[in-house]
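Heads up: the structure comes next, in structure tokens.
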Amino acid sequence: MANVVVVGAQWGDEGKGKIVDWLSEQADIVVRFQGGHNAGHTLVINGATYKLALLPSGVLRTGKLSVIGNGVVFDPQAFLDEVSKLQSQGVAISPDNLRVAENVTLILPLHRELDALRESASAATAIGTTRRGIGPAYEDKVGRRAIRLMDLADLDTLPHKIDRLLAHHNALRRGLGLEQIDGKDILRELTAFAPKLLPYAETVWRLLDIKRREGKRMLFEGAQGALLDVDHGTYPYVTSSNTVAAQAATGAGLGPGAIGYVLGLCKAYTTRVGQGPFPTEQDNETGRKIGERGREFGTNTGRPRRCGWFDAVLVRQAVRTCGINGLALTKLDILDGFDTIDVCTGYRLDGKEIDHFPAGEGAQARVEPIYETIEGWKQPTANARSWADLPAQAIKYVRRIEELVGCPIALLSTSPEREDTILVQNPFEA
């Protein structure tokens with residue numbers, strides 16, 4: 001019996017929410033281990049649509065424990081708003097089924113303001129963030145000046161910690177010509193949050209260690225994708241945390257041995273939000289067709305996603321950096337009806353063929369994709385629940401992806417609905 005880590009194998013938006021929700025039926029505990037409320041999930045269950053950003057997808061399953069780990073950056077207001085919204089849809093959420101690491105870093109309004117200011121300062125240097133304060137909050141965490149959830153339980157020492165935080169931020173704001181922040185305003189806001197948030201606080205590493213020793217099944221839910229990893233992604237156009245599978249251990253407070261099976265998520269094509277290199281992007285009618293069919297708009301931001309063909313080089317790289325054991329391929333149905341489908345099998349850089357994506361920003365901008373053209377299929381794959389429901393050519397496409405990325409397909413998703421999933425290998429039983 002393996003614990004399972006679910007990570008994106010592209011630039012995020014691969015459909016992790018649905019797959020995690022589908023797998024969570026077999027799990028006892030679902031853990032978010034990095035990121036913040038910048039990465040949204042849309043789940044369709046029995047015709048009802050649920051939108052999650054910060055909460056683990058396990059909250060939609062009764063009888064499951066959901067956990068927000070220490071690797072997450074936590075916006076108090078966004079958390080309370082999301083809980084309230086889901087409760088209004090009939091989802092039961094309380095400290096009985098949701099726990100938050102006491103040492104999680106808090107996102108404050110000053111983080112959101114700084115994030116937006118940086119993005120607006122110059123279009124030439126914009127990264128394309130969601131302006132939700134994720135990056136600045138991680139900066140304060142690394143700078144050892146962050147306010148953490150546990151700090152709200154000690155109002156005697158909280159003013160000192162706020163002063164330490166503002167010593168940095170007010171100096172920065174002076175340089176930017178911004179109004180100084182009064183620590184009393186932050187103290188007042190956090191004091192009001194304390195009774196609403198502290199009931200969820202938990203020593204998560206200890207809780208998970210106890211549950212692991214009891215033999216409970218754990219599902220670790222990543223946000224974004226491996227290509228947005230701050231170390232292994234398309235730097236600097238990345239997120240501010242590690243998104244690879246190894247972060248599941250660090251971001252939850254467990255040792256690496258607690259991680260068993262790594263399931264990577266990828267679409268049958270490729271999308272990206274914001275700035276950065278995208279070798280297979282189709283800024284043409286093909287890209288628009290994929291985007292319209294796939295409803296490629298951000299769950300949280302509504303921003304249209306850039307669309308292109310499947311890039312086997314990048315997914316193969318994610319398989320290696322994440323140690324992926326099996327892939328869940330999503331949105332195969334979006335490619336129904338295409339006469340031909342291109343798949344990137346390699347790159348050409350300065351006239352030479354290469355089999356990996358270079359780390360240098362300049363080289364990334366110069367790579368040219370090498371395509372293999374595959375015959376499409378006319379019969380629908382939407383709502384298929386077994387291999388027998390798939391057209392032969394669609395199966396050939398899936399098998400070719402397996403060959404190119406060097407990893408088997410464990411799951412296949414053919415619609416946003418929870419049950420429209422073809423199981424090849426159960427990650428919990430691998």
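Cβ atoms are placed via backbone N, Cα and C, with glycine included.
Model, not experiment: these values are computed from the prediction.
Swiss-Prot lists D13, E14, G15, K16, N38, A39, G40, H41, T130, R144, Q224, T239 as binding IMP, and of R303, R316, R320, R348 the one it places in that same site is R303. Taken residue by residue with DSSP, T42 (GTP binding site) is part of a strand. Across the annotated binding residues for IMP (D13, E14, G15, K16, N38, A39, G40, H41, T130, R144, Q224, T239, R303), the two most widely spaced Cα atoms sit 34 Å apart. The binding-site residues shown are G40, Q224, P304, R305; of these, the one with its CA atom nearest the CA of G12 (GTP binding site) is Q224. When the recorded positions D13, K18, L332 are compared by Cα distance to P304 (substrate binding site), the shortest distance belongs to D13.
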